[in-house]
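Database features, via TrEMBL:
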- 31-187: domain 'MacB-like periplasmic core' (DOMAIN)
- 226-358: domain 'ABC3 transporter permease C-terminal' (DOMAIN)
- 223-249: transmembrane segment (TRANSMEM)
- 270-297: transmembrane segment (TRANSMEM)
- 332-351: transmembrane segment (TRANSMEM)
Amino acid sequence: MNGFHKELRDRVLSAISHSTISEYGGTLNNWQELRLTINKNPQVIDSSPYIERYGLLSVNGRAQGISVRGVDPDLEKNTSILLDNIKTGNSDLEGSKILIGSGLALQLSSSVGDKITLLTPEISASIIGIQPRFKRFTVSGIFDAGINEYDNNLAFIHLDQAQKLYSMKGLVSGIRLKVDDLFQAKKITNKVVNDLDSARYYGVDWTQKKANFIKALNLEKQMIGIILSLIIAVAAFNIVSMMVMVVTDKKADIAILRTIGMTPKRIVRVFFYQGLTIGVVGIVVGVILGIVLSLNIESVVSGVESMLGFQFFPKDVFYINRFPSEIHLIDVIKVAVGAFILVILASIYPAKRAGKVEISKVLNHE
């Protein structure tokens, strides 16, 4: 699950940034100065301004409510990789250009070069009365983030155009940050806010924005760990049952060995080592097969999907439509050590039972 979780995290972070800085008043009016101050922090790689608002896209008689993000393309590329995930066209936002998600393009039957109208909640007064503010854009490119939340509902326009459309001249919604250690994003964000003015500004890092998402991933990993532990436990019980059957079947042989001088301790040791050997061989084979399968899991899943004729991870349901893999040595060691401990415990009972075989009863029965 490590590769699956990493892929999900990377795709989500490609659209939301490591953290954002905003003002309690709702908008920033001195973002250029703030950005220079923020970038002085050695742990901040770069930052970029943005405007986040809602709008309605209309084209070819179809309309769709969307989230509109106004960005400076040159600065945005330093804090996000979303503008690099272009499926068709390019990421040019100069003038009246707009960049839309692949799912949105499909819903609107729109392609690169099409004229598209963006309506905003802002009101404009004219000689014909009051009407929503709108502007026609040309689709310059279609991006594919691989996440439905963004592909179906997000569009990019230039920061200057967003400021005009939403009556935010010189203002931005906030500043997006890219930090050198995403797992320290909260700590770095707090430091940046304190350097600015914690009474006026606040920061939100990616772990806060996607708190439920992270909890779901952690819960999923815990459940996978529990399921894996149960599978190993079942395998250990199989060793116990098999060894008990061996002891029962070999009672006569054990009795003979006892009569010629073998001590109960030696008999216990023999059966204990037998159970241990079976378990260790199983662990080694399991680890090797597990690593090989993990390294080729995408090919295996793709082959099974082709045979069965359906997708395990359809893109319209899950965040991703493939199953990446990433092997962590510490996880392999934990599983192997845990399995070895269970093997030891599973070998003790049958071995002790073999050492307690009563010679007289067995020989009389024979």
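Every residue gets a Cβ built from N, Cα and C, even glycine.
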Contact set, same chain, for the transmembrane segment (270-297): CB under 8 Å, 6 or more residues outside the stretch: 3, 235-236, 239, 242-243, 246-247, 323-325, 327, 332, 335-336, 339-340, 342-344, 346-348, 350-351, 354-355
Within the predicted model, mean pLDDT of the domain 'MacB-like periplasmic core' (31-187): 88
Counts of helix, strand and coil residues, the domain 'ABC3 transporter permease C-terminal' (226-358), according to DSSP: 104 helix, 0 strand, 29 coil
